[in-house]
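S.K.: Taken from TrEMBL, the feature compositional bias 'Low complexity' covers 10-33, 234-248. As annotated by TrEMBL, compositional bias 'Polar residues' applies to 120-130. Taken from TrEMBL, the feature compositional bias 'Pro residues' covers 249-258, 277-308. What TrEMBL records for 452-490 is domain 'Zinc finger Sec23/Sec24-type'. TrEMBL lists 529-773 with the feature domain 'Sec23/Sec24 trunk'. Residues annotated as domain 'Sec23/Sec24 beta-sandwich' in TrEMBL: 778-861. Marked as domain 'Sec23/Sec24 helical' by TrEMBL: 874-973. Sequence annotations record features per position, and here TrEMBL assigns domain 'Gelsolin-like' to 994-1065. The annotation region 'Disordered' is assigned in TrEMBL to 1-169, 186-381.
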Amino acid sequence: MSVNQQAHTGPPYGQPQPGYQGYQQPAYGGQPLPGVPQSQYGAYNGPMPGYQQPVPPQGSLRAPPTSGAPPPATGASLPSGHLAYSQFGHGDVQNGIPASAAPMQRPPASQPFLPGSAPTPVSQTSTFQQYGPPPASVQQLSNHMAGMTIGSTTASAPPPAGLGYGPPTSVPPVSGSFSATGSGLYTPYTASQGPPPTSVSQGLPLAQPPFLGQPISTQRLPTQVPGFAPPPSSTGIGPSSYSPATGAPRPPTMPGPPLSGQTVAGPPTSQPNHISSPPPPSTMSGPHPGPPMSGLHGPPPPTHPPQPGYQMQQNGSFGQVRGPQPNYGGAYPGTPNYGSQPGPPPPPKRLDPDSIPSPIQVIEDDRSNRGSEPFVTGVRGQVPPLVTTNFLVKDQGNASPRYIRCTSYNIPCTSDMAKQSQVPLAAVIKPLATLPPEETLPYLVDHGESGPVRCNRCKAYMCPFMQFIEGGRRFQCCFCSCVTEVPPHYFQHLDHTGKRVDFYDRPELSLGSYEFLATVDYCKNNKFPSPPAFIFMIDVSYNAVKSGLVRLICEELKSLLDYLPREGNMEESAIRVGFVTYNKVLHFYNVKSSLAQPQMMVVSDVADMFVPLLDGFLVNVNESRTVIASLLDQIPEMFADTRETETVFAPVIQAGLEALKAAECAGKLFIFHTSLPIAEAPGKLKNRDDKKLINTDKEKTLFQPQTSFYNNLAKDCVAQGCCVDLFLFPNQYLDVATLGVVTYQTGGSVYKYAYFQLETDQDRFLNDLRRDVQKEVGFDAVMRVRTSTGIRATDFFGAFYMSNTTDVEMAGLDCDKTITVEFKHDDKLSEDSGALLQCALLYTSCAGQRRLRIHNLSLNCCTQLADLYRNCETDTLINYLAKYAYRGVLGSPVKTVRDALINQCAQILACYRKNCASPSSAGQLILPECMKLLPVYLNCVLKSDVLQPGPEVTTDDRAYIRQLVTSMDVAETNVFFYPRLLPLTKADVDSDSLPAAIRNSEERLSKGDIYLLENGLNIFVWVGVNVQQGLIQNLFGVSSFSQISNALSTLPVLENPFSKKVRSIVDMLQVQRSRYMKLIIVKQEDKLEMLFKHFLVEDKSLSGGASYVDFLCHMHKEIRQLLS
């Protein structure tokens, strides 16, 4: 097939890009936008560039908390026979079953798509609008993407669901071997049915067909899930009618031999969970030495040089970079036909992974371009550095990106434009985010009895964007334009620029984030709140006692109670504590300081819960120290011989709620629970786990609570300010979807330790517990987001309760939780005035002080789509899309949710291609510069455990991950969906920094090296089979690869530079994450390697998730279909 080859104008991915179409890019180059005034606020008379942070008024600065961490507990290691994940036992297999001499059967031909109706165009304009010269910075992925033959007329559909990201943590600790017959993961292929596929010209190669069974449908999600209806696209994906004669660019060559012997077909839709065999491990790094492929005549290798502008990107891995090899086209290649009949001509070589956008390259470029300068927030609509970049923030009138990040910093002026682009307008808000020590905490402003100054009409709080008029006697609201009198005590004259002369002395006039001390009007029942209380509620059933958990908790609490959160200037915490133990009945303890010994009171009538004592239940730790210590010594002994296996759950929450009601305070319940609550009591549950529901219309019931009882209980808890944190230690199904309801709706956290074992899990549990007890929490919180005229907040995602459409209510909100808010147009916006957001959080501090925390952000508005696409942030977009999809599974089949995500992203990219990119061949995939990672990250979301579970992912894991992700911030979702992979072998032992990350693909791993992969929940240390003996000795303290124990939960402390460096890397990563990550040692070709490979997200997943290359091809096909 001869096709003309065109040289590209697009530069390589690894290089910093020039501005789009002649525009400068403030996000990446730090240059000012033309037409934007140099004053720090543009139209809002903000502080001038020389502004310095004022010295706070006496007494108003809140010092950082001073509580240190308690001493770490040491943990023993697990016996070497123990293995945490039995079903990954595949014996000594690197990538599946070794190739044998027997002939391998080809997979059946992929299922055809149904031809669909004509697609609806994305926008009314059908011509390309071109602004200025063709963009040099647009990424044109045409190499390998145009004029190629695809192996079958019947373009393959999306594959079935697969392992995602939430770690499959629920596998019993039993070691076991893996049988190849009849297993869920390896099923022999059946012989191919039907005629051999014919070859058809198509703009994109699909080396492995990316998606499953049915065509992308236009079916909309039910209306009770708001906003889930993307514009319809074509119902089917038929074979493309593209002919190579249309001048589509010809693919350049890739280094490496031609893939002559490989026939690749899609996975059969009836058997989703298998892979074909790769070559044996010994031949992995070079061409396959097998017998010659008789009868398979591929095209001769092209001889023309690679196109200019697409140089090979630096691999990032150490040692020799492997090019693609024959019969090894990625992680799970097709099967060579040894000695079989001649097959059809093989498909073309797959896209070179080095020629498509690399997350690692984008992250590194942003770090080098934007990591050295502080991010100054004085300019409207400024895109911040990526979450993966370390940078300092100088607040000059807009809230720090640590508090608020947006999907786009330039909002379309009209709703039509927003609908046309399909880019969601959303903000991810983390109101109590922890700041690095170099940045100043929000100042606390006290306006006395009159309280904060607010707009008369919309009640927005005083902020830097309010305009003072009439000599300072009145101000015009920047949100609703209403004019309000300035209270006499707040009056101040204006200078010649119209700015108040005390501008720099008042945080609320010069800063984006600050706090007000609330007056009694902002308190419940017009009464200032009491300090909050912590109640520890410990399951003392047989499982909890036998596992050593009860003793561990009691021992830890003795020291941990000295580290309760406190205000910066207080010597001791104002928080009071109480203790309850339970199995089928509840035991309350009187720990009043005047008692010599604690007293126990039992409530066996769990149907009508009450608290049997008031005085002595909630106490000050210092006053009752000896009684509390005595109680914590006695509890493990008291229940040491228990035979009670049944537990209650709802009455435990009711008891804590009643105790807080009686004490008239807010607080938090720490519940340590081990089993499904089947004892006779309110909220009793049954085991309803049913794997057969997966991929059916009833799958959504697995995510829904099985009774409405807990929803009502959650509502009562929120009303009292009773937040519930849940520590789960299940050995079997526990129904997280139901037990987590109260936690989720009160703003609490769920922690899960499946098959808890003291030796391997105590470090992780104790670190999580310490952080959970010590971290900053706002109690009895209400959040409202106000916007300027033209847009309004319409939808909210996160762990909270809403009794109306505007107020987000949380019994507790900690420093790790985010609320994601979606905005919609209700009027036209003006390019001149921009758009404003104000997030106001009313909460009770840990000392019992009622406060208002205010965050303000100003955004630009645009009339050109190009401006929208130039100011988006993909990481925030993915955070929003994941939460949107994870909520969608509560009311819609998972397939519908997946299709809606793919459709929306195809619409976003098709709109860009149609309206912003310069005209070019349809064989080229053109992505906006700041969205070039959208396909790879979206594929990661689609392959996650919630949307595409593998056979070993439990129902509880999926419900747990679904709830966890819903409260994650942008940095957490970034590493959760695209884990960080670090090579350790060549790490510089003298440097304090982390080694440079590499891409998440098995192709990047070398057998002679050690790698670390982290995803925010787990840290895997992968050891190659050929690692030097000296390195193994230095890191693990054993002399050979075979002696490394899988049971290690911590790295041994050895006195050598390599051990110190690796342990310091692990410590650095642990500090960055909100949860303590579980350490898992993975040896190459070991059972656990399957679990590790599940997180190599650029590869095809075992359960059918597409590889990055295949998904990019699939997205290109979707985009072309929308544009045709």
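A Cβ is built for glycine as well, from the same backbone N, Cα and C atoms used for every other residue.
Looking at the shown structure, can you explain where the listed features end up?
M.R.: Outside the domain 'Zinc finger Sec23/Sec24-type' (452-490), and at least 6 residues removed from its termini, the chain residues within Cβ reach (under 8 Å) are 41, 44-46, 397, 445, 498-500, 508-512, 516, 786-789, 836, 838, 840, 852, 854, 856, 858.
Predicted-model confidence for the domain 'Sec23/Sec24 helical' (874-973) is 95, expressed as mean pLDDT.
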S.K.: Are the domain 'Gelsolin-like' (994-1065) and the domain 'Sec23/Sec24 beta-sandwich' (778-861) close enough to be called in contact, which here means at least 3 C-beta pairs under 8 A that are separated by 6 or more residues?
M.R.: no
S.K.: May I have the DSSP-based helix, strand and coil counts for the residues of the domain 'Sec23/Sec24 beta-sandwich' (778-861)?
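M.R.: For the domain 'Sec23/Sec24 beta-sandwich' (778-861), the helix, strand and coil counts are 0 helix, 54 strand, 30 coil.
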S.K.: Please spell out the DSSP helix, strand and coil residue counts for the domain 'Zinc finger Sec23/Sec24-type' (452-490).
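M.R.: Going by DSSP assignments, the domain 'Zinc finger Sec23/Sec24-type' (452-490) contains 6 helix, 11 strand, 22 coil.
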S.K.: Taking helix as H, G and I and strand as E and B in DSSP, count the residues of the domain 'Gelsolin-like' (994-1065) in helix, strand and coil.
M.R.: 23 helix, 12 strand, 37 coil
